[in-house]
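Trainee: Dropping the structure in here first, questions after.
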Protein chains: 2
Amino acid sequence: MSLTTAATTVPIACNTAAITFVPSPVAIPAVRGEFALRLAMRHAGTRDVTVRYELLGEAGLPVVFVAGGISAHRHVAASAAFPEAGWWQEQVGPGRAIDPEQHRVLSFDWIGAAGDLDTVIDPVDQADAIAALLEALQIERVETFVGASYGAMVGLQFAERHGARLGQLVAISGVHRAHPFSSAWRALQRQAVALGALQCDEAHGVALARQLAVLSYRSPEEFDARFGAPQVVDGRVRVGAEAYLAHCGQKYVERTSATAFLRLSESIDLQAVDPRRIALPVTVVAVAEDRLVPLQDAHALVEQLRGETRLCVLRSVYGHDAFLKEEGEIARILRTTLAEQLEQAA
Amino acid sequence: MSLTTAATTVPIACNTAAITFVPSPVAIPAVRGEFALRLAMRHAGTRDVTVRYELLGEAGLPVVFVAGGISAHRHVAASAAFPEAGWWQEQVGPGRAIDPEQHRVLSFDWIGAAGDLDTVIDPVDQADAIAALLEALQIERVETFVGASYGAMVGLQFAERHGARLGQLVAISGVHRAHPFSSAWRALQRQAVALGALQCDEAHGVALARQLAVLSYRSPEEFDARFGAPQVVDGRVRVGAEAYLAHCGQKYVERTSATAFLRLSESIDLQAVDPRRIALPVTVVAVAEDRLVPLQDAHALVEQLRGETRLCVLRSVYGHDAFLKEEGEIARILRTTLAEQLEQAA
């Protein structure tokens, strides 16, 4: 429901709805913290890293771990303590699919996201850092790990390596491997960063890399509906999507260093999970139009998983970004899986 | 038939076959020439350009005009006069689908390909330059225009603007418009060139742009079959396709200037043909796996063409590059369309 739309048509009903269905966020406790971790990394020896987390909801509630793409972070949703919008505001919050009145929502900043770790970071390292985070917070068990994109990859790693501490996994638009074509796409993004770095213009290279990434996150169908014909401007051809892409690139460099981008981009390419070693319940969500994670790879994943396995295939013009854009469909899947988990626990 | 393969198994039969089926190229006359043209360009006023052509086969034979992608050129096939391999060696030559013993094969270097024309070049300009080339050579009529990729786009322009001089068009993997998503892809390639130019390293930017283009020419299916898992080398992740792509980029910069690449890349994005203004026979060849020219756009094209229209849909892991790789299928289509044309003329 969009408040803006509702307000235009029936302003009074809208206000009532807001009062009735959206409880004050003051009621939800939220804490942020960080701790130093000596992490045995897969390709980089033992390193001292900082783990930064955010925890939303009362102690004692079943824990849901939430992880997004490489540009996501620990702040998934607004709270009284941290009122700025989170990256998954649509799915996490009172009355939303992942409701911090019913679950304790845990999330963290990816190892390497701060740009302070210039080494090869395996998805394995992220899963092990999450296990260490649980130890540090004395949380014995994650009831549901909800991961999207890179978060789904790390969720599979966590299920493979730390399955005893996990109830179920929801893996959205991320699978057991990186597709070689998508890896090539990312390798060229990293080369754009390298080209920018040659002239000491890190931001320019990262902005171009991000624009290339955005193309892989979306679909031709969306661009066709959204952007018009090219124009000749000042002796150059300017295509319909160019201003939008430039905006995406600019926004990204404001919050991402070249090192963070490079190391997390590389990390995606290192994904290698053996699904036959995962015996817990997994809900795999795939998008038919995803150009980065082809549907066939989701099929291969569910064929090999050993536990109770479910495959949900969505259709979306938003391709890989459907987890951010198809709010209704994603909410429906999350509500179902989380409700089942609560029933089982009861 | 590969001589290498045959030689391994039945060397004598192979030699016999070679003598029997491949006539000496000495018999085929081939000329190259160029002339100065004052061209009224669509976006750039009147300019003096040089038109460089190659003509293969006896005068009097029906003329086939051949045009490929933006990196193709006038030398389509080897001859005694110009013995180096051409860019479409598999399709053009004695005994091949486009046989210079039966047709006079005309081709040219794209306007702008020499990098000497740093202005906006519309596909219309290419079609008009071809018309001027015909005037200069006193060729009244092209019986068949065979265009692939950008060549198909220009073929459609030629059919729209100079249809009275054309018998039929075979348009392979190129349609009446540039898809907005593909245009975005090309715009980012041009930005890679711009990023390289900022540090006076034109070749580096063009090489990266070419690698990005190669991704759009091929398919995930091919890369999946061809390239293995990433490796960690010297503290960096190197993906399976990286060496291959680097090679493609390097080869390209050896023969293409930044200006030529930029202006011809832009030109693709300016494609705008009204198919309802084309009433001559058109064979549209589309590839289901083409990520640059979606099959739906080929459908839209054939629905609007007014003449006798045929659509051939190929399946190929080579995607947009199928016209260079699926020799058998493309040859079959070309043989059929050219034979029909010869029969009609008889």
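Any Cβ shown, glycine's included, is placed from N, Cα and C.
Sharing the feature lines straight out of TrEMBL:
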| type | residues | note |
| --- | --- | --- |
| ACT_SITE | B:Ser149 | active site, nucleophile |
| ACT_SITE | B:Asp290 | active site |
| ACT_SITE | B:His320 | active site |
| DOMAIN | B:94-325 | domain 'AB hydrolase-1' |
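Describe the structural surroundings of these features, if you would.
Mentor: Counting every protein chain shown, the number of other Cβ atoms lying within 10 Å of the Cβ of B:Ser149 (active site, nucleophile) is 26.
Of all Cβ atoms in the protein chains displayed, 26 besides its own lie within 10 Å of the Cβ of B:Asp290 (active site). DSSP classifies B:Asp290 (active site) as coil under the three-state reduction.
The C-beta environment of B:His320 (active site), restricted to residues of the same chain at least 6 apart in sequence and closer than 8 Å, consists of B:Ser149, B:Ser173, B:Ser216, B:Tyr217, B:Arg218, B:Val287, B:Asp290, B:Arg291, B:Leu292, B:Val293.
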Trainee: Check the DSSP secondary structure of B:His320 (active site), expressed as helix, strand or coil.
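Mentor: Where B:His320 (active site) sits, the three-state DSSP reduction gives helix.
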Trainee: Quick check: in three-state DSSP terms, what is B:Ser149 (active site, nucleophile)?
Mentor: coil
